[in-house]
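Peer 1: Dumping the structure here so I can ask a few things about it.
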Amino acid sequence: MVLDTSYEPCDLVLFGTQGDLSRRKLLPSLYQLEKAELIHADTKIIGVARQSMTLEDYVDEVRANIIKFSGEEICEKTWQQFSERLDYVCVDMKDMNSYQTFKEHVDPSRIMVCYLATPPAIYGDICRGLNGCNIIDESVRVVLEKPIGHDLESSKVINDQVAEFFEERQIYRIDHYLGKETVLNLIALRFANSIFATNWDHNCIDHVQISVAESVGIEGRWGYFDDAGQMRDMVQNHLLQILSLVAMEPPTTLDADSIRDEKLKVLKALRPINASNVADTTVRGQYTSGFVKGNEVPGYLEEDDANTQSQTETFVAIKAEIDNWRWAGVPFYLRTGKRMPTKVSEVVIYFKRQPHNMFGDSFKSLPPNKLVIRLQPDEGVEITVMNKVPGLTSSGSMDLQKSKLNLSFSEAFADEHIPDAYEKLLLEVMLGNQALFVRRDEVEQAWRWVDSILEAWRSSSEPPEPYQAGTWGPVYSIGLLARENRSWYESKQSKKK
Ligand SMILES: NC(=O)C1=CN([C@@H]2O[C@H](COP(=O)(O)OP(=O)(O)OC[C@H]3O[C@@H](n4cnc5c(N)ncnc54)[C@H](OP(=O)(O)O)[C@@H]3O)[C@@H](O)[C@H]2O)C=CC1
Ligand SMILES: O=C1O[C@H](COP(=O)(O)O)[C@@H](O)[C@H](O)[C@H]1O
């Protein structure tokens, strides 16, 4: 990518720069952008945290974290350029007086990007602090991390607090799945290829599966996770964003609101799941001890700091239906869980069988076409097609076999650096492009749908189904599809342990 000359420099402020997200993701991603020469020469990066430290110590710490988390040797030339951009300021974000010091570190004549890598509970304080020292104007952008709220009501409160000081066009809500190359490729795949564009509806598609499996557990985040659960942590945001991209109508252009308008329509068309249908359409699970990749791991209730009575779900499977013209009668099966055998995210489109069989038994025994979009880790696209078995026959019949057309990104783009999602998203914020960020109405609509399921689970008083760590979730999730004569897709990736 070549840097557009119209791209203006900015003061990029990382609130919460001592936190896990900043250290592990944001600063290493910014360093990669530096390496790719995609940061404007005059852009400054200002770390903000409540710990008092010298700039020298901060710079040393950033370097150590880049080495630790980028997993590569540092390039001294890049580091020299990068370190010269860094600044550090100590602010207690809840103390309105401490923002005056902060003000001295930014240039009000430049664009300011405020990345709030802090608990959402203090987003309002930060906005008030910035306002109190008179540095908010229409050029300021604010980046909000997920989760925005715990439910619809609390998300409205947080969004209102931010909206008191910022217009929607200044707010960039992160869902890091929207920065993944393969998730973005869903748009290209669907709308740049007429073979898919014209076959993408209930006439041709039988059902869709979206699986986001993780092999990790809760990684020492009991406090956060137990309050959230897999539904709020993964479904409310990442899975529903993927579903929206798979199901949306073609946007008129790639501009932010064209795409977001279409995604919102999908979220609005999701059939509500409530006490009347929750048992038939959802499965929730909680992992018990087991083995993942050969290593023994504790159950959820045995994790550090665990409340042994917790009924929080670490696995969710849902049969979602989209009540609109395009998708009538096409189920979208969603599945996500922690401590599954391997990390794998895939979208699988199952096409309908051809209406008439002129090939005989070999046609009947083969599965219909399938499009597998491998989001991670072995990124790529695979199509299963039926093919004639080559050779001569005396009967005049034609034997068929299943073949795969496989595009592996790592082979096809071997020389390309596949950027981390945060690289992409940080660049887009600096460029001022909101297309890959979630609009308020999308977040709220997703909460509406998810809240109803959570409420139905609460009122059912059924505990989550146990599943052994290192398996694909509770057996009930197999039943969710089996009773409709379907089964979860098992890819080569998902068989890799
Ligand atoms: N970590 C991740 O992978 C992901 C994180 N997120 C979201 O990103 C945000 C940050 O997460 P994460 O980095 O993990 O959280 P951490 O708790 O690791 O970091 C939060 C940072 O905010 C700082 N902070 C909190 N209160 C104040 C205050 N009053 N004044 C100054 N600083 C304060 C903390 O400072 P101190 O160290 O002094 O307490 C800490 O450095 C959260 O909204 C989270 O949900 C989203 C997706 C993934
Ligand atoms: O947002 C989150 O995502 C991660 C999974 O992200 P990935 O890029 O590694 O697929 C998840 O582990 C975490 O619990 C959640 O908060």
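Even glycines carry a Cβ here, placed using N, Cα and C.
Automated prediction, rather than curation, is the source of TrEMBL annotations.
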Peer 1: Do you know which of Glu153, Glu214, Glu321 TrEMBL groups with His176, Lys180, Asp233, Lys338, Lys343 in the substrate site?
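Peer 2: So the substrate site in TrEMBL includes His176, Lys180, Asp233, Lys338, Lys343 plus, from the candidates Glu153, Glu214, Glu321, Glu214.
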Peer 1: What is the average pLDDT across the domain 'Glucose-6-phosphate dehydrogenase NAD-binding' (13-185)?
Peer 2: 96
Peer 1: Taking the Cβ of each of the binding-site residues and counting other Cβ atoms inside 10 Å, which one has the highest number: Lys180, Lys343?
Peer 2: Lys180
Peer 1: How big is the gap, in Å, between the Cα of Lys180 (substrate binding site) and that of Arg50 (NADP(+) binding site), rounded to a whole number?
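Peer 2: Each residue's Cα considered, Lys180 (substrate binding site) and Arg50 (NADP(+) binding site) end up 31 Å apart.
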Peer 1: If you count CB neighbours within 10 Å, which one among the binding-site residues Arg50, Lys146, Lys338 has the smallest count?
Peer 2: Arg50
Peer 1: Using Cβ atoms only, which residues of the same chain lie under 8 Å from His176 (substrate binding site) while being at least 6 residues apart in sequence?
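Peer 2: Sequence-distant Cβ neighbours: His238, Ala421, Tyr422, Leu425.
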Peer 1: Using a 10 Å cut-off between Cα atoms, which of these binding-site residues sit near Lys146 (NADP(+) binding site): Glu214, Asp233, Lys338, Lys343?
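Peer 2: Of everything listed, what lies within 10 Å of Lys146 (NADP(+) binding site) (Cα to Cα) is Asp233.
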Peer 1: Could you tell me which of the recorded positions Arg50, Lys146, Lys180, His238, Lys343 have their C-beta within a distance under 6 angstroms of some atom of ligand 1?
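Peer 2: Arg50, Lys146, by Cβ distance under 6 Å.
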Peer 1: Just the binding-site residues from Asp233, Lys338, Lys343 whose C-beta lies under 6 Å from any atom of ligand 2, please, or none if there are none.
Peer 2: Asp233
